[in-house]
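K.L.:
Per TrEMBL, the features are:
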type	residues	note
BINDING	50, 113, 310	FAD binding site
BINDING	180, 181, 182, 183, 184, 185, 186, 187, 268	NAD(+) binding site
DISULFID	41-46	disulfide bond
DOMAIN	4-321	domain 'FAD/NAD(P)-binding'
DOMAIN	358-464	domain 'Pyridine nucleotide-disulphide oxidoreductase dimerisation'
Ligand SMILES: Cc1cc2nc3c(=O)[nH]c(=O)nc-3n(C[C@H](O)[C@H](O)[C@H](O)COP(=O)(O)OP(=O)(O)OC[C@H]3O[C@@H](n4cnc5c(N)ncnc54)[C@H](O)[C@@H]3O)c2cc1C
Ligand SMILES: NC(=O)c1ccc[n+]([C@@H]2O[C@H](COP(=O)([O-])OP(=O)(O)OC[C@H]3O[C@@H](n4cnc5c(N)ncnc54)[C@H](O)[C@@H]3O)[C@@H](O)[C@H]2O)c1
């Protein structure tokens, strides 16, 4: 048996950050990883997906500026894009991340870890041995999620794509069906259409990106249609089958069938907790792990079990998992050293931003960049709010950015405190605008002070000024 101060289950972005903060706090730390250090994000999610999307957006932007439009004469070079994607996925090798772990003095145990009662982890190691790790202070579960697949007749045998295949495929399918209307669905539909697939997007509901402001999903649907994607709403897949070695036949209810070369199910995530020994600590296998603001799993007594990142279901995004990792890793070190905590909202020891100010960019064309609450969410929380909208195309910097710029911005103002609680930008090139909004929301910067944050002319950021003018006009 080996003893460490902290045992971290899962070496994705969250586990890495939590381990690093605990180690920086003076603790002995082991990370257990069953696949690649770096997790889903580095190899099958953020990095390869953005590497697939960037060339598509760069090409579209060049086509929208007179002068460069004439210089762009061909399509994307799919093979070159896939090669560049492979580089960004480090060719699915984790040597670089392992070297970083080594440099921090964190121990790496390769294998599948499971809880085995209080503070104990049993690992089936990659070399076929069984190791027992005992934690003096804490075990942190950072095991992330895997793709959720619906229970459909024929699905198990049809060798469908999940986000893993959609981000790592080495060939461009001729016909690709994408099932779902969330972020993975719209990003991957954008990428593969640009790479040359004929994409059909099958959306069960009536809108894309249902958790964002409605105009964002509408703009993305329009962008996808302009890119040649067949976007269908109110469609449910009833069953499917693959012709051996060949195409997939999708049954859409009624008598309609679709014949595709590949089918991507982008239908959400489930926590990677089914085979984690949760039953040995009184939890149900397969469940999400809700935590308090310091990261402690609420249903386990003794304060030794933490959960961070996707697996606690607070905000399924890399940067939020890393944020939790930093906060919770520091909390574990502080508790171990007997230091006092600051668990007030926005305090050093409390995850707060992952509830009140989650920034997210959807890297489609147009991009969607949002932080904080939508108008509907703010209303549901009982806030007295007003939405302030502005057409981005009227901003000088935007009209220079691409010809006939189309886009929109919305700020959600809390009228009682006169601060912003949410901001959404939709349009080309808005991703890098987002952090200004995040600072305004997290800092609860009074509208009166925002007036003095003067955007440079002529940038797209001038939309800030226009939003404030619109608010002042409508506030009377
Ligand atoms: C296609 C796609 C694109 C995405 N794009 C973005 C994006 O652009 N920006 C963004 O912020 N987010 C994005 N996300 C979400 C992002 O990938 C996740 O939020 C992030 O990976 C969560 O990090 P994590 O460390 O919590 O979990 P993971 O990255 O899932 O890492 C968990 C690790 O734990 C390991 N593990 C699991 N069980 C065990 C076990 N029992 N024993 C040992 N090891 C185990 C796994 O092998 C894995 O390495 C995307 C997701 C998808 C699917
Ligand atoms: N750029 C980014 O930040 C980025 C990119 C990709 C993923 N992510 C994160 O990863 C997570 C997973 O993304 P996702 O798109 O897989 O999940 P999601 O929950 O965002 O979307 C899933 C979609 O599938 C639909 N759906 C569910 N079951 C279905 C079924 N049986 N048939 C048809 N449709 C069905 C849902 O209605 C929903 O619209 C999200 O939390 C997202 O924020 C982030």
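Cβ coordinates come from backbone N, Cα and C, glycine included.
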K.L.:
Between the binding-site residues 180, 182, 184, 186, 268, which lies closest to residue 310 (FAD binding site), Cα to Cα?
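P.N.:
That would be 268, nearest by Cα distance.
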K.L.:
Could you check the recorded positions 41, 46, 184, 186 and say which one's CB has the most other CB atoms within 10 Å?
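P.N.:
When each Cβ's neighbours within 10 Å are tallied, 186 tops the list.
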K.L.:
With the NAD(+) site defined by 180, 181, 182, 183, 184, 185, 186, 187, 268, which remaining residues of that chain have Cβ atoms positioned within 8 Å of the Cβ centroid?
P.N.:
178, 188, 208, 209, 266
K.L.:
Just the number: how many Å between the Cα atoms of residue 46 (disulfide bond) and residue 186 (NAD(+) binding site)?
P.N.:
14
K.L.:
Express in Å, rounded to the nearest integer, the largest CA to CA distance found among the NAD(+)-binding residues 180, 181, 182, 183, 184, 185, 186, 187, 268 named in the record.
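P.N.:
Binding-site diameter by Cα atoms for NAD(+): 14 Å.
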K.L.:
What count of other C-beta atoms do you get within 10 angstroms of the C-beta of residue 182 (NAD(+) binding site), across all chains shown?
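P.N.:
Within a 10 Å radius of the Cβ of residue 182 (NAD(+) binding site) lie 17 other Cβ atoms.
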K.L.:
Round to a whole number and give the Cα-to-Cα distance in Å for the pair residue 268 (NAD(+) binding site) and residue 50 (FAD binding site).
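P.N.:
On Cα coordinates alone, these residues lie 19 Å apart.
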K.L.:
Give me the non-local Cβ neighbours of residue 180 (NAD(+) binding site): same chain, 6+ apart in sequence, Cβ-Cβ under 8 Å, ordered along the sequence.
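P.N.:
For residue 180 (NAD(+) binding site), the qualifying residues are 202, 203, 204, 264, 265, 266, 267, 268.
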K.L.:
Which of the three DSSP states, helix, strand or coil, fits residue 41 (disulfide bond)?
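P.N.:
DSSP call for residue 41 (disulfide bond): helix.
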K.L.:
For ligand 1, which among the binding-site residues 180, 182, 186, 268 have a CB under 6 Å from it?
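P.N.:
Going through 180, 182, 186, 268 in sequence order, none turns out to be close to ligand 1.
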K.L.:
If you average the pLDDT over the domain 'Pyridine nucleotide-disulphide oxidoreductase dimerisation' (358-464), what number do you get?
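P.N.:
Averaged over the domain 'Pyridine nucleotide-disulphide oxidoreductase dimerisation' (358-464), per-residue pLDDT gives 98.
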K.L.:
Go ahead and report the DSSP secondary structure tallies for the domain 'Pyridine nucleotide-disulphide oxidoreductase dimerisation' (358-464): helix first, then strand, then coil.
P.N.:
36 helix, 32 strand, 39 coil
K.L.:
Would you kindly give the Cα-Cα distance separating residue 184 (NAD(+) binding site) and residue 41 (disulfide bond), rounded to the nearest Å?
P.N.:
13
K.L.:
Output, ordered by sequence, the same-chain residues six or more apart from residue 113 (FAD binding site) with a CB under 8 Å from its CB, or 'none'.
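P.N.:
Residue 113 (FAD binding site) has long-range Cβ partners 7, 9, 32, 34, 121, 122, 123, 133, 276.
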